[in-house]
């Protein structure tokens, strides 16, 4: 009362009050002295205090309320934090865990007032649903808007996600043990707001106060229509907003999963039926394309602070749908069913909107090249394990050319025989590490050495062709003349012919000499 006493002495009045009473009939009375203490008029004094108290109470009511809350629920990766950060205008951010707290700045230009709206984001894991007690309690229940976020890039999870998180809210509200009378009042308010929805017109009052007053006057004269059979059957007592994020993925669903317009109408019809049951609004958004982001903010401040908005319902664009609470009904949803060609109204959502099969990409195993020395050591160990080939068996790994050997040099057989020193038959084994060409030459050398050793080792036998012990000199004159022509390669048939000629001479070869297995194989 001391402060009020100081107000009574207008010489020491605060600047705000001095300007308030600087004009008007009350100021005129004060200037004339009729309202001063000398007049002694108690009635005028009471009028003065009434005007002051009325002005103060009006200003306090016009301020934006504090303690309003928005609670976001949805699956992991649905874009809850991204949505709020985009509304805030923040590009870079870090996602929280458990229960995340953010806020929105709310500014009223008409009254030049601002406040903050609390935003609570619950983690998509049901393990964290116990944290709801910190964001939604019995005191803040009346001042809370529930936002259910759905990922439209995965439409097959939309309906299950909405039902799951709505049941989480229902379960939590029941645990708060709100008095039945208070809960009934909240439910009736939600029904009344739904029934009294008016389509935005062209003429809107500039001030939210006047809009509220005008709306109350219109409500007294208007006739409230009854609710539909499927409307507000699951009344939470809280305003609900369903936000479908990532609607830019609709084009991807059309290209990759063969979605058509009737599929998107089918999805929208089921989501709108869910919204009717909870009295919720529906907004399709895209953070990537910045679509309907500001619309979400405007709807929040309209529901929590009574701000006006002039945005009508939008149902034509399949990726920018906006349906405010109270606008929709079963007949309007039935318009979507008229576009069905292959689908039916009674089809189950899970049977039509199914999760596509996961395509497993077959990645070829990367082959790492071994070190050259390691590779050669392994190859050597493999060749060493193979059984050795018989010394006299001609093994030729090279492909044969018709009419001759691929490695036969351009010289006569006699020169080959003469150039090789005599080695006992079977005394030389083929090296498994030797290349194919070297192996062929070694087999031929062993073959001719076995012939020479047999001829020189015969007891008392004269040399072939009249020269004792000189097989090479005796064999040279008897070769066919065709083998000595320049440019002509000797063939294997010449060798067989020479061997046949040697075996036909009984005088040159001893009958007791056993035939070499190598010679038999070669013949």
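Heads up, the Cβ atoms here are built off N, Cα and C, so glycines get one too.
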Kindly point out the range from 200-219, 220-239, 240-259, 260-279 that Swiss-Prot annotates with region 'Disordered'. 200-219
Looking at 405, 458, which residue has the phosphoserine feature per Swiss-Prot? 405
Report which of 467, 516 appears in Swiss-Prot with the annotation phosphoserine. 516
Which range of 1-25, 26-50 is region 'Disordered' in Swiss-Prot? It is 1-25
Beyond the listed site residues 74, 75, 76, 77, 78, 79, 80, 81, identify every same-chain residue whose Cβ lies within 8 Å of the center of their Cβ atoms for the ATP site. 124, 149, 151, 245
Check residue 80 (ATP binding site) against DSSP and tell me helix, strand or coil, would you? helix
